[in-house]
Structure formats: C-alpha cells, structure tokens
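Questions regarding the structure given below will be posed in turn.
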Amino acid sequence: MNVIEGVVATPDARVAIAIARFNHFINDSLLEGAIDALKRIGQVKDENITVVWVPGAYELPLTVRALTKSAKNGGYDAVIALGTVIRGGTAHFEFVAGECSSGLSSVAMDSEIPVAFGVLTTESIEQAIERAGTKAGNKGAEAALTALEMINVLKAIK
C-alpha cells in the first residue's frame, strides 16, 4: 500500500500571507501565529515570507489569486489567507464570509497551489479572540501548518 502524507518542515518554501486590515486587533495575532509556525516549526526562512495587507476579508480572494499567479512564475509555493469576519445585526456577514470562502476555494482549485484558509467567521468578538491565540489555539498558526503540509502533499502526488 502506498500512503502519501505531508510533513510541515519545509525550509525552502516560499509563502505569501494575505491578511485583512479590518479587525486588525484580532488579525495581528493570527499573523503572529502564522509567522511563528512557519519559522519555528516549518523552518521557513524569514526572507521567504511575504505579507500583503488588504482592506478586508472580501478583498482576500482577488489578492490571493494574484499571488498564486505569481507562484506559477516561480513566486510562492503556498498562500495563507488571514482575516476575521464577525456576525453583526445585518446580512453583511453572510455576504462577506461566503464570498471570501468561496473565492479562496475557487482560487486554490484553479491554481493548484495550496491556499490555506485562516479566516475566522465568528458570532462574536469573544469567539474571534479565543481563536486568535487564547482558549481555542491560534488559527493563523494552524493555517500556516496546513499550507506547509499541502506543499509537500502536492509535491509527492506530482
């Protein structure tokens, strides 16, 4: 039986992180977690990490698409999308969260480059804070580890 599993240690990986500025007080923690995981666990060199700030989560799919096109030309091995969408009193949450998730998935499928989903979609600020490095771990770090593992899984498949 042949089993393919990815490892997270990927010292030569080139990784881009697209991060939303909206809700930055939460996203900053996601970014810290992602960078820490890339460098400490994945052994990715600092010069191989690029951070791109965008206004909000809705802008992430377009930005990630541009970064994956760069990847096809020798740019990035994976892209991590980070952001936070918190439910409010209007339908805005559904539109932003849904389009962001759908758009990022579409980019990953079209580009065949790992796109790690580190966008929090929560009911409250408290839930977001818990997922950005307190009670529920750091979803930015989890997204970074997912990106690294997927780089290696896809290399092994090809």
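From the backbone N, Cα and C atoms, a Cβ is placed for every residue, glycine too.
Taken from Swiss-Prot, the feature 5-amino-6-(D-ribitylamino)uracil binding site covers Phe22, Ala57, Tyr58, Glu59, Thr84, Val85, Ile86, Phe117. Positions annotated as (2S)-2-hydroxy-3-oxobutyl phosphate binding site by Swiss-Prot, on the basis of sequence analysis: Gly89, Thr90, Arg131. Under the heading active site, proton donor, Swiss-Prot lists His92.
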For the 5-amino-6-(D-ribitylamino)uracil site as recorded (Phe22, Ala57, Tyr58, Glu59, Thr84, Val85, Ile86, Phe117), determine the largest distance between any two Cα atoms, in Å, rounded to the nearest integer.
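Between the most distant Cα atoms of the 5-amino-6-(D-ribitylamino)uracil site, 17 Å.
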Going by C-alpha distance, which of the recorded positions Thr90, His92, Arg131 is nearest to Thr84 (5-amino-6-(D-ribitylamino)uracil binding site)?
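Nearest in space to Thr84 (5-amino-6-(D-ribitylamino)uracil binding site), counting only the recorded positions, is Arg131.
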I'd like to know which of these binding-site residues, Val85, Ile86, is least surrounded, judged by other CB atoms within 10 A.
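Ranked by other Cβ atoms within 10 Å, the binding-site residues Val85, Ile86 bottom out at Ile86.
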How big is the Cα-to-Cα gap, in Å, between the residue listed as 'active site, proton donor' and Ala57 (5-amino-6-(D-ribitylamino)uracil binding site)?
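Rounded to the nearest whole number, the Cα-Cα distance is 12 Å.
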Find, for the listed recorded positions His92, Arg131, the residue with the lowest Cβ contact count at a 10 Å cut-off, counting only other Cβ atoms.
His92
Far apart in sequence but close in space: which same-chain residues, 6 or more away, have a Cβ under 8 Å from Phe22 (5-amino-6-(D-ribitylamino)uracil binding site)?
Pro55, Gly56, Ala57, Gly83, Thr84
Quick one: Cα separation, Tyr58 (5-amino-6-(D-ribitylamino)uracil binding site) versus Arg131 ((2S)-2-hydroxy-3-oxobutyl phosphate binding site), in Å?
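So the Cα of Arg131 ((2S)-2-hydroxy-3-oxobutyl phosphate binding site) lies 20 Å away from that of Tyr58 (5-amino-6-(D-ribitylamino)uracil binding site).
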Out of these binding-site residues, Tyr58, Glu59, Thr84, Thr90, which one has the fewest other C-beta atoms within 10 Å of its own C-beta?
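Per-residue Cβ counts within 10 Å for the binding-site residues Tyr58, Glu59, Thr84, Thr90 bottom out at Thr90.
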